[in-house]
Amino acid sequence: MEAAAAMEAGRKLAARHPHGRSRTAHNMSSSSLRKKSDAALVRKVPVAPLRPLLANLQEVFLATKLAVLFPAVPLAIAAQCFRFDQVWVFALSLLGLIPLAERVSFLTEQIALYTGPTVGGLLNATCGNATELIIALFALLKGKIEVVKCSLLGSVLSNLLLVLGTSLFCGGVVNLGARQPYDRNQSDVSTALLFLAVLCHSAPLLLRYAVAAGEHSVSATSAAASLDLSRACSFVMLASYVAYLFFQLKTHRQLFEPQEVDGGDAGDDDEEPALGFASALFWLALMTAVISVLSEYVVGTIEPTSQSWGLSVSFISIILLPIVGNAAEHAGAIIFALKNKLDITLGVALGSATQISMFVVPLSVLVAWIMGVQMDLDFKLLETGSLFMAVLVTAFTLQDGTSHYLKGILLLLCYIVIGACFFVARQPAGHANSNGALLDVPTGSMSVQAA
C-alpha cells in the first residue's frame, strides 16, 4: 500500500535527518491550512484496489481547508469553453488559483521530505511562487510587459505590507499588552536583499532621467542603454539569490529553521509523507499544468475586466491579483502570527517577497530577452518609489526584534496609501508598447483621470 510505504519512508527520513528539516516557513504556511483526511471513509470502499487511489485523491483534494474553492477550476474552464462573459472567466480563474497555489506548496513539501533539505529548498525556490512566474510568462507571451511588472511588484508590496501588516496586527491583538519577539537574523538578511533589488530597479530609472536631463550621455538610445543595464542587473540579482540560497540551505541553515514548531502544533506527524514520491511528482505536474491554464485565462481577460469594473489594469495587477492569488499563503502567515510564531510569519512574508524580487523578476527579464521581448527593470517612478518606501518602512518596523499591533496598523496604512495611488492613476489614452499592446503605465509620469 502506498500509504504504508509513505509512512515507512517518513520514519526512515526522520531517523536520517533528526535536526535538518527540509520544511521551510513557506511550506509551513500550507501546513496550517491542512486538515486530517478521513481514512475510515476510504476503508469502507468495497473494492480494495481502488482504496489507494481514493486515499490519494482524498489527500490531494480534500485534505485542505480550501477544498471548497476547487469547483471554481472546472467552472472557469467551462466558462471559457462556452464563451461566457470574460469577467466571469477572470473571477473564477482567480478563485481557482487559490487552492491550486496552496496545493503546489503542499506537494513541494511532500517531495522535499524525500529529497532532503537542500534539494527541497531548491525545489521550494523554484515552485514557491509558481503562480506569479506562470502568470508572468503568459503575459510575456502576449506582449503585456506592464502586466508582468505590475503583478510582480504587487506581490512584493502585498507580502511586505498587507500580509506582514495583517499578521503583526492580528498577533498583537491576540497578545494584547505584550510584545511578540522574533529572531532578527532572518529579517536582516531578507531586507538587505530587498534593498539590493530596489537599487537594481532604480538604476535604469535614474539612468533614463539623467540622460533626459542632459547630465549624461549614452552610446545608444536611452531605452537601449536602460535595457542593457537591466539585463546586467538581472544577472547580479540572480547571482545574489544563488548566494542567498547557499547561505540559507548550507552555511547558516539554523537561522532559517522554524524552531517554534518543534514543540508546537505541528507535531512529528507532519514530518511523515502523506503521499508517495511518484504520486507527489505527478500531482505537482498536474497542478502546475492547471495553474498554467487558469493563468492564461487571467492574462487574457484582465483588460476586458478592467473596462467592465472601471479599474485600471495597473490597479488590478498590483492590488487584486496578489491578494487573491496568494490568499492561501497569506492566511497561513496570519495563522502562525495568531499562534505567536512570528519567525514563521516573517519567513513566509519576507521569504516570498525576496524570492519574487531576486528570482522571479530578473528571471522574467532574461526569459523576455530570450523571447525577443524588451522587458527592463525600469518600473517607472511611481512603482519604483512605492517599492522603495515599502522596503524602507518594513526594514524600520522590524529593526528592534519585537512586534505589537501598532506596527501592523502602520504597515496596513502604508499599503492603503499605495493602493490609493494606483487607484487614481491612469494611463493616457492611446499609449501602447512596442508590441502594440495597450499599457496601463506610460513611459514617463502617470496621469490622473478626473472623476
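Residue numbers in this text run from 1 along the chain shown.
Yeah, the Cβs are placed from backbone N, Cα and C, and that goes for glycine too.
Going by the topological domain names that Swiss-Prot assigns, Lys144 and Asp376 belong to one and the same side of the membrane. Same-chain residues lying 6+ beyond the ends of the topological domain 'Vacuolar' (374-378) with a Cβ under 8 Å from its Cβ atoms: 140, 145, 148-149, 200-201, 203-205, 208, 223, 226-227, 229-231, 233-234, 361-362, 364-365, 368, 384, 434.
In this chain, the transmembrane segment (121-141) lies out of contact with the transmembrane segment (379-399); the count of Cβ pairs under 8 Å, excluding pairs fewer than 6 apart in sequence, is fewer than 3. Note on the transmembrane segment (192-212): residues 156, 160, 218, 222-223, 225-227, 229-230, 233-234, 236-237, 240-241, 244, 350, 353-354, 357-358, 361-362, 376-381, 384, 387-388, 391, 394-395 of its chain, located 6 or more positions outside it, place their CB under 8 angstroms from a CB of the stretch. Contact between the transmembrane segment (318-338) and the transmembrane segment (229-249) is not supported, since fewer than 3 Cβ pairs fall under 8 Å when only residues 6 or more apart in sequence are counted. Residues 157-158, 160-162, 164-173, 176, 311-312, 314-315, 318-319, 382, 386, 389-390, 393-394, 397, 446-449 of the same chain lie 6+ residues outside the transmembrane segment (405-425) yet bring a C-beta within less than 8 angstroms of a C-beta in it.
Look at the region 'Cation selection' (128-163): DSSP puts its residues at 31 helix, 0 strand, 5 coil.
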